[in-house]
Amino acid sequence: MAKAKFERTKPHCNIGTIGHVDHGKTSLTAAITKTLAKTGGATFKAYDQIDAAPEERARGITISTAHVEYETAKRHYAHVDCPGHADYVKNMITGAAQMDGAILVVSAADGPMPQTREHILLARQVGVPALVVFLNKVDQVDDPELLELVEMEVRELLSAYQFPGDDIPIIKGSALVTLEDGDPEVGENRVRDLMDAVDAYIPQPERPVDRPFLMPIEDVFSISGRGTVVTGRVERGVVNVGDEIEIVGLRATQKTTVTGVEMFRKLLDRGEAGDNIGALVRGTKREDVERGQVLAKPGSITPHTKFKAEAYILTKEEGGRHTPFFTNYRPQFYFRTTDVTGVVHLPEGTEMVMPGDNIAMDVELIAPIAMDEGLRFAIREGGRTVGAGVVASITA
């Protein structure tokens with residue numbers, strides 16, 4: 001049968017495989033493409049095609065990530081798979097590959113391992129909304145009681161990190177059996193069950209355009225006779241001419257009205273997520289606005305100076321620091337379009353942070369930034385990126 005062209009009419013969702021090294025993340029990714037290819041929803045990608053992941057740069061950090069796409073009857077998916085543990089850490093913290101949900105792969109033969117725990121913690125910290133579990137390699141386990149034990153362990157681990165461990169779907173199967181065309185009861189049918197669970201359990205993300213308006217300010221001009229224009233790329237939502245907005249961050253929040261929107265020198269009646277626009281703001285002086293602030297729907301985002309973050313610190317080879325740092329370290333935190341100096345407090349029991357570590361830390365900025373949970377930032381010293389992080393929770 002002729003392969004049907006990917007239809008872009010279905011809702012889109014970004015997912016990825018996470019879990020301990022060698023538990024079968026890449027094999028499962030290959031098995032999903034193989035299974036869905038039979039119904040025209042994917043092009044089969046073999047293990048070695050996925051494993052040879054290209055390097056990409058995100059926020060000054062090099063990350064290897066493989067991207068595959070496929071679709072089920074319900075949704076179109078972009079799926080990320082990383083070759084190494086460090087790539088997962090970097091990917092999740094930088095948000096280079098946004099995940100609306102993830103498939104946690106656990107080997108039934110080994111049970112949860114250190115990186116299983118670490119990936120669940122990272123998923124919690126960076127705000128991955130939902131997980132589905134694939135208990136892989138069940139063909140290597142003869143004892144059904146052992147399988148039940150592993151499932152129980154996984155559920156307890158998920159609950160320990162505030163995921164609903166009792167409710168998360170756990171599918172038991174084998175990626176390898178699927179790839180080798182073995183017993184479909186362990187292989188192909190279980191992969192179909194997994195995708196049904198992903199369809200049903202991972203919520204459809206809200207489209208950026210449906211969220212409250214926010215635009216990071218990149219530049220400010222004054223146009224004689226017209227007033228002040230701020231430019232930037234709309235991150236989310238829609239702004240219409242005549243809308244009241246707030247200018248948030250770095251100084252006291254100001255209310256104003258958008259009196260004009262232009263794009264490529266043409267006047268528009270609105271700007272929406274993804275557009276690079278200039279917004280004319282009423283009664284605002286050129287010196288009252290600066291790069292690093294945001295335009296936002298009133299009340300939708302507030303300025304803060306203190307937060308808890310999850311961060312990855314670059315190795316020397318990645319262009320990062322050569323030496324460790326300690327509590328009271330004062331780098332710059334680059335949010336959206338600007339740097340703000342902040343002080344780092346390490347958690348109790350953590351004496352120092354070595355290049356290559358990922359850590360939880362408390363940060364206090366010297367000036368407030370418009371932020372919400374999940375906001376990404378770079379850690380810089382004199383314009384050079386030495387780390388990346390994500391706001392896990394706001395404390396003040």
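Each Cβ is built from the backbone N, Cα and C atoms, and glycine gets one as well.
Taken from Swiss-Prot, the feature domain 'tr-type G' covers 10-206. Sequence annotations record features per position, and here Swiss-Prot assigns region 'G1' to 19-26. The GTP binding site annotation in Swiss-Prot covers 19-26, 81-85, 136-139. What Swiss-Prot lists as Mg(2+) binding site is THR26. Swiss-Prot lists 60-64 with the feature region 'G2', giving similarity to another entry as the kind of evidence. Look at Swiss-Prot and you will find 81-84 tagged as region 'G3', backed by similarity to another entry. According to Swiss-Prot, the region 'G4' annotation covers 136-139, on the basis of similarity to another entry.
DSSP assigns CYS82 (GTP binding site) to coil, not to a helix or a strand. The Cβ of ASP22 (GTP binding site) lies under 8 Å from the Cβ of SER107, each of which sits 6+ residues away along the same chain. Comparing GLY19 (GTP binding site) with THR26 (Mg(2+) binding site), their Cα atoms are 10 Å apart once rounded. Under 8 Å from some Cβ of the region 'G1' (19-26) lie the Cβ atoms of residues 47, 50-51, 66, 81, 83-85, 104-107, 110, 112-116, 119, 136-137, 175-176, all in the same chain and six or more residues away from its ends.
Outside the region 'G3' (81-84) by six or more residues, the chain places 16-17, 21, 25-26, 29, 50-51, 53, 63-66, 68, 91 with a CB less than 8 A from a CB of the stretch. Using a 10 Å Cα-Cα cut-off around the residue listed as 'Mg(2+) binding site', the binding-site residues CYS82, HIS85, VAL138 reduce to CYS82. The Cβ of HIS85 (GTP binding site) has VAL21, GLN115, GLU118 as same-chain neighbours under 8 Å, each 6 or more residues away in sequence.
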